[in-house]
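Features reported for this protein in TrEMBL:
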TRANSMEM  25-50  transmembrane segment
DOMAIN    41-287  domain 'G-protein coupled receptors family 1 profile'
TRANSMEM  62-82  transmembrane segment
TRANSMEM  102-120  transmembrane segment
TRANSMEM  141-168  transmembrane segment
TRANSMEM  205-225  transmembrane segment
TRANSMEM  237-260  transmembrane segment
TRANSMEM  272-290  transmembrane segment
Amino acid sequence: MDAGNLSVVSEFVLLGLCHSWTMQVLLLLMFFMLYLIIVFGNIAIIILIITDPHLHSPMYFLLANLSFVDMWLCSVTTPKMITDFVRENKTISFGGCMCQILFVHFFGGGEMVLLVVMAYDRYVAICKPLHYSTIMNLQKCIGLVLTSWTTGFVHAMSQMAVIVQLPFCGPREIDSFFCDIPLVIKLACIDSYNLGILMNADSGFPAMTCFIVLLISYSYILLTIRQSSKAGTSRALSTCTAHITVVVLFFGPCIFIYVWPLSITWVDKFLAVFYSVITPLLNPAIYTLRNKEIKTAIKRFRSYYIHHKGNI
């Protein structure tokens, strides 16, 4: 790389969500509480699944991994956003900006594939129940989770290989609360139109592919459930409905940001908040409130805790 390609911008300025001081204080309190709920809620699910033998099944193993990914996806951007609400100069270093891009796409790409894996798990459980324990064994589950992490890593590195080589020598204001590829590319000292389309396609194509695969998978599963008269139909339908809800909430904003040709700043900001904060918040609620086994496990944990405390 020659000297002309080296970035001369050492930091970027994040314009945040709003400029009103009163509104920033309200948002600070709101997002701080939401972040605590997300972190402790997902940690609680992970601990519950690890400690309760009744939840040692492929579906809950995948759910624990989803909670882990959600917790870190939120942690990449939210703490910085919260601290910026009380800072006059909302800056982020060049390295910090690149790290945000790397980890957002690492965890985001991994979650896309993980949701496909969870759909595959439900497909096997509902459409091939007699072979479920053979197909979805521990080794297969670990391999599928590792595939999701590897896919996220490859996707993130493919983005970083291009972004870090761009020359940044002029404007440095990012009209958002974190660094994302469409916004950072616009600041490069080159004609970035074609590059922006290419990089958005690098994110949009996997998102659209996973989303279409998920829609087809769950449509087939729901069709199978409809034709079934087994006793577990209601439970299977409830589980699939929860999964579909999560899929729509996660992929909707991602597809709009990276595939939709028009960019509307306030809409993009809202959707960025949605998939980086709201979705990790809703996932634990959707999976716990609609899942009888999780609620039963919580009761068992509470009873064990009270009994153990009473014997001290």
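Including glycine, each Cβ sits where the backbone N, Cα and C put it.
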Margin query: Should anything in the same chain at least six residues away from the transmembrane segment (62-82) have a Cβ under 8 Å from its Cβ atoms, list it; otherwise answer none.
Written below: 14, 16-17, 28, 31-32, 34-35, 38-39, 42-43, 45-46, 49-50, 92, 96, 100, 103-104, 107-108, 110-111, 114-115, 117-118, 121, 141, 144-145, 148, 177-178, 276-277, 279-281, 283-284, 287
Next item on the list: Compare 25-50, 102-120, 205-225, 272-290 by their Cβ pairs under 8 Å to the transmembrane segment (237-260) and return the stretch that comes out on top.
Entry: 272-290
Notebook entry, point to check: In this predicted model, what is the average pLDDT of the domain 'G-protein coupled receptors family 1 profile' (41-287)?
Noted result: 86
